[in-house]
């Protein structure tokens, strides 16, 4: 008995098993099956391979460097500053040319500030006082300009006044000008030079045309006819974001310049071109909201003949530019191609599974197809080893 079992197990190692196929002559199910096959094949060819290019190995670890320069001059004549010529060293911060830079378009100047005592600004709520006890000495004024000295300064016949403070005096009191000081800055030019590298493919490129003509960058401007001239007119950049230059120059704002690289390295390197997108990043509030715009303060320090330090305080309004770079590169690779083809073949099986469910469970003659699809075989007494023709039939045609 044991020898017979071992012999049967040994012989079964060399058996070959095949599936039994049933061809159902049902036009509706057959049409649905072909539609599913065509849909899956279309998805695989059009979306997976042509649109998503899933036959490629990709690299999204973009290495990037940005160099920026702004050029332009403006002449102004104001009562506070007199006649003055503004060049790039005056209105661009920081001067190094990084991926984030600021162009001054408007400002409030408080000249000749010295460290001494003076009255705090009346518009600051924490500085309001009625008597000296309201101004404890040594405590800073919340959202103010200095520390209290212990005195409450009141004008004649006034019950309320402001605390005296030790600060850079006189404190800033002027409000924002109604017109931007550098309102003609829209004719300035911005030079944005971008170097990129995809390390996986050792591919590098820049957004500047490779030319030996030194006059090229002095005369060209970015546009559809010249995409490799990275020189942009300031007013045009603001307009491309949907904003008005005079409005943003008055109270300031933040503009994003996005450079996108989408490189198909199966094509020539000249086909890898940058695309530029411009957007207003700061939120614009309706009306003349105090939350609108962008500004900050800085000072320039000097010493008089006696060696006493004094400064000029500048509250600068302007446009902050954030240059953002992203991208991807793709190149043919056999491994993702095989994986996606295999996934497509597997999806074909989903169509067969779906049609099987309809055929054996949902249509009127489902019991008939179910009996032909599944054959129940019971173990019986061993025969003479002969197999009938019916048992050899692996392919059956069933008509509805």
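Backbone N, Cα and C define each Cβ position, glycine as well.
Remember, predicted model here, so these are calculated numbers, not experimental data.
Annotation comment: TrEMBL describes 31-50 (among others) as transmembrane segment.
Taken from TrEMBL, the feature ATP binding site covers 69, 70, 71, 189, 295, 296, 297, 315.
Taken from TrEMBL, the feature disulfide bond covers 118-169 (among others).
Taken from TrEMBL, the feature disulfide bond covers 129-152 (among others). In this view, residue 129 (disulfide bond) is surrounded by 20 other Cβ atoms within 10 Å of its Cβ, with every protein chain counted.
Annotation source TrEMBL lists disulfide bond at 135-163 (among others). In the structure as shown, the Cβ atom of residue 163 (disulfide bond) sits within 10 Å of 27 other Cβ atoms.
All chains included, 17 other C-beta atoms sit within 10 angstroms of the C-beta of residue 220 (disulfide bond). Annotation source TrEMBL lists disulfide bond at 220-229 (among others).
Around the Cβ of residue 272 (disulfide bond), the number of neighbouring Cβ atoms within 10 Å comes to 18. Sequence annotations record features per position, and here TrEMBL assigns disulfide bond to 263-272 (among others).
Per TrEMBL, transmembrane segment is recorded for 341-363 (among others). Sequence-distant contacts of the transmembrane segment (341-363), counting only residues of its own chain at least 6 positions beyond either end whose CB sits under 8 Å from a CB of the stretch, comprise 24, 26, 28-29, 32-33, 36-37, 40-41, 43-44, 48, 369-370, 373.
Counted within 10 Å of its Cβ, the other Cβ atoms near residue 69 (ATP binding site) come to 15, all protein chains included. Nearest in space to residue 169 (disulfide bond), taking C-alpha to C-alpha distance over the binding-site residues 71, 189, 295, 296, 297, is 297. Nearest to residue 296 (ATP binding site) in space, judged by Cα atoms and limited to the disulfide-bonded residues 129, 135, 163, 263, is 163. Of all the disulfide-bonded residues listed (135, 169, 229), 135 sits in the most crowded Cβ setting, with the most other Cβ atoms within 10 Å.
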